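Before any comments, here is the structure.
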Amino acid sequence: MTTDLSWCDLFIFREADRMLLTHPLALLSLLLVVHASSPLVSPSVRHEFRRNLPSGWTPVRRAPSTSVLPLRIGLVQPNLDQIETLLLDVSHPESPNYGQHWSPEKVASTFRPSKHSVDTVRQWLYSEGIAVSRVKLNGNGGWIEANVTVHEAESLLMTEYHVYEHADTGTRHIACGQGYHLPEHISKHVDLVTPTIHFDIKLKREPIGSEKRDHGAKPGVGKSIGQPGSGVVIPKTTGFIKHILDELSQCDQFITPNCLRALYNFIYVPLAANKNSYGIVEYTPQAYVPEDLDLFFTNFSKSQVGQRPDLVGIDGGFVQSSQIGFGFNGESNLDLQFGMALVGKKQKITLYQVGDDVEGASFNNFLDALDASFCTFEGGNDISQDGIYPDPFGGYQGPEDCGKVKKPANVISTSYGYNEADLTPAYTARQCAEYAKLGLMGVTVLYSSGDFGVAGNGNLCLNPDGSQTGDGKLFNPSFPGGCPFITSVGATQLNPGANVTDPEVACEQVIFSGGGFSNYFPIPDYQKEAVDSYLTNSPPPYPKDIWNSTGASRAFPDISANGANYVIAVNGEFSLVFGTSASSPVVGAILTAVNDARLAIGKTPIGFINPTIYSAGFRDAFNDITSGTNPGCRTFGFNATEGWDPVTGLGTPNFPKLLARWILLP
Ligand SMILES: *[C@@H]1O[C@H](CO)[C@@H](O)[C@H](O)[C@H]1NC(C)=O
Ligand SMILES: *[C@@H]1O[C@H](CO)[C@@H](O)[C@H](O)[C@H]1NC(C)=O
Ligand SMILES: *[C@@H]1O[C@H](CO)[C@@H](O)[C@H](O)[C@H]1NC(C)=O
Ligand SMILES: *[C@@H]1O[C@H](CO)[C@@H](O)[C@H](O)[C@H]1NC(C)=O
Ligand SMILES: *[C@@H]1O[C@H](CO)[C@@H](O)[C@H](O)[C@H]1NC(C)=O
């Protein structure tokens, strides 16, 4: 936040102009009154700004002043400075409190913004003419919300709203491009305000033709968000089918659930399925096709024909069926077909379908739904925990507004991502803290690491001024890959001609495993030794200014799994897909089995796994990947090496070894 008085002055000028036109004397007296009523008036500060718009966006016109915006003010949360310590306390294998996850109520009360923050921001809104009845505090007390007109928002935030349009997709978005302001005495109670400078919307391509079919082959920014193997779908042929009759001998060409079981020694029958849960997140209009699930199951998991995921729709989320095609169904079909087949018939999968098919949604919509659950939590941990451990922080206990996700799943996999540079540091920090809260509650949060090697989605690289272009030269890390409180999953492959028992290498077919070093997040303790050792033993020979070479930033991915040649059913045909999009749900299925085994013997879920998987005891529980690279930004990218590397992380899971170790933890 930089102080920027000129904006404040400018604003007063504009107001003055308008009022002078109507009644010059009224203005003079008003200004005097306002100044007399200090401390309500304080200098304005520029609260957030961005140097560049995310790639592809341009302003097309001023936003109509009467348009209504769902203004949300994210309040500063207490105790966030301790969140890493608190999370390690329940997640580090050597901590005496390992596995003693928090109840949602304890999480909510620990980080609930103070009553003082709530009151101060509310008073400011009232004093600016937003009626009391229009101002609401959300369920966990973290956001103040009000529907305001563009005119009101411009006045509150001393900015101008424009309509922006995305060149490749035609998607429109209202934002105040460069920055916004808050009075100084409000700024210190606020993390961020939306919608302002954040372009966190999911890009949608315009459906092609009247049947709304999408044969999407056009490369572009939108295409690569959450798309498995963008634009490289190989439709099935009759010859193709004959070739995978002997599955295991052809895993180098066709990955099926049996190939993955063979690769990771993943044979497991659930014992505690009704206590366990595995959630897969999809963003509308991405949707699975029920008939495709059955087609896939008919070939690869017969007993599951007819089985469906349990749908939890968030913010209007439903399984839309009006738009079909690979671009609309590929991702969801991939995640669910492999996720469901790998956990097997006994273990139900929860599908978190986020957003309606008009507006779509962002990660924050999903996180809000989990947050709202803080008040309705019933299963898992002991609800009396609050009584046993009274809230030591004395947070504000406002009325609670209960949401529909009663208890988040134990493992949640998401195969969508942004480039870190698309988002502002304040925005990513707030979202990253939400992942830490999920970790405190014992949830494992997995994200695919991206499909463009050291480049970002859409093969974009950074320029020194922070903009992203195809000809940029600086490595472009993904988000939330760089958030230290999620587990980032990269991609591997079997080399052409390799036997399923041969070692895998980094994925170099069609996609390259996303990996590198964050420019926003410092390195977490759990990762220091692994990253130091990589930088010492295999120092990348690149100029220090094309990647974050400080050794002080969060590095990713953490682990990896096969991401090449997945056989999936899409719109009645089998296709081959590629991507870290495939790797993440596979790792999720394996960790769900580990949770099952622990739950079956009365232990807690594994929760936030990073401190554990980087610990000495787990060092040889992965298949280390030591060959292959992740090119991007006109370089060869990084090398997969012995030990952790920014291509495949610690390696792929060796299920029996991981299970044996996790069973022994308290
Ligand atoms: C804003 O308007 C929407 C749509 O009418 C409504 O659902 C929502 O509850 C309103 N929000 C607030 C904070 O009043
Ligand atoms: C699916 O099963 C059918 C019937 O057994 C078979 O003809 C076809 O080749 C299989 N397809 C694939 C991709 O394995
Ligand atoms: C893979 O190699 C092993 C050991 O050499 C061999 O026993 C097995 O038959 C091979 N598997 C396939 C599917 O070719
Ligand atoms: C590198 O990462 C660190 C820690 O995340 C950050 O403070 C620094 O600004 C980054 N450097 C660049 C050039 O972005
Ligand atoms: C990768 O390994 C090759 C061969 O050893 C080496 O020439 C190259 O510099 C390494 N690249 C990086 C980024 O470490």
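Keep in mind that glycine also has a Cβ here, set from the backbone N, Cα and C atoms.
Taken from TrEMBL, the feature signal peptide applies to 1-36.
Confidence in the domain 'Peptidase S53' (254-665), given as mean pLDDT, stands at 89. According to TrEMBL, the domain 'Peptidase S53' annotation covers 254-665.
DSSP assigns E331 (active site, charge relay system) to a helix in the three-state reduction. Feature annotation from TrEMBL assigns active site, charge relay system to E331 (among others).
Within 10 Å of the C-beta of D335 (active site, charge relay system) there are 31 other C-beta atoms, taking all protein chains into account. Per TrEMBL, active site, charge relay system is recorded for D335 (among others).
Around S581 (active site, charge relay system), taking its Cβ as the centre, 30 other Cβ atoms fall within 10 Å, counting all chains. Marked as active site, charge relay system by TrEMBL: S581 (among others).
Here TrEMBL flags D624, I625, G643, D645 as Ca(2+) binding site. Around D624 (Ca(2+) binding site), a 10 Å sphere centred on its CB holds 18 further CB atoms from the protein chains shown.
Other than the site residues D624, I625, G643, D645, same-chain residues with C-beta atoms no more than 8 angstroms from the centre of those residues' C-beta atoms, the Ca(2+) site, are T626, A640, T641, E642, W644, T648, G649, L650, G651. Here I625 (Ca(2+) binding site) comes close to T492, P503, E504, V505, A506, S560, A640, D645, V647, T648, G651, T652: these same-chain residues lie at least six apart in sequence, with C-beta atoms under 8 angstroms from its C-beta.
Comparing local CB density within 10 A for the recorded positions E331, D645, the maximum falls on D645. For G643 (Ca(2+) binding site), the same-chain residues lying six or more positions away in sequence with a CB closer than 8 A to its CB are A530, S533, Y534, N537, D624, L650. Look at S581 (active site, charge relay system): DSSP puts it in a helix. Looking at S581 (active site, charge relay system) and E331 (active site, charge relay system), their Cα atoms lie 7 Å from each other.
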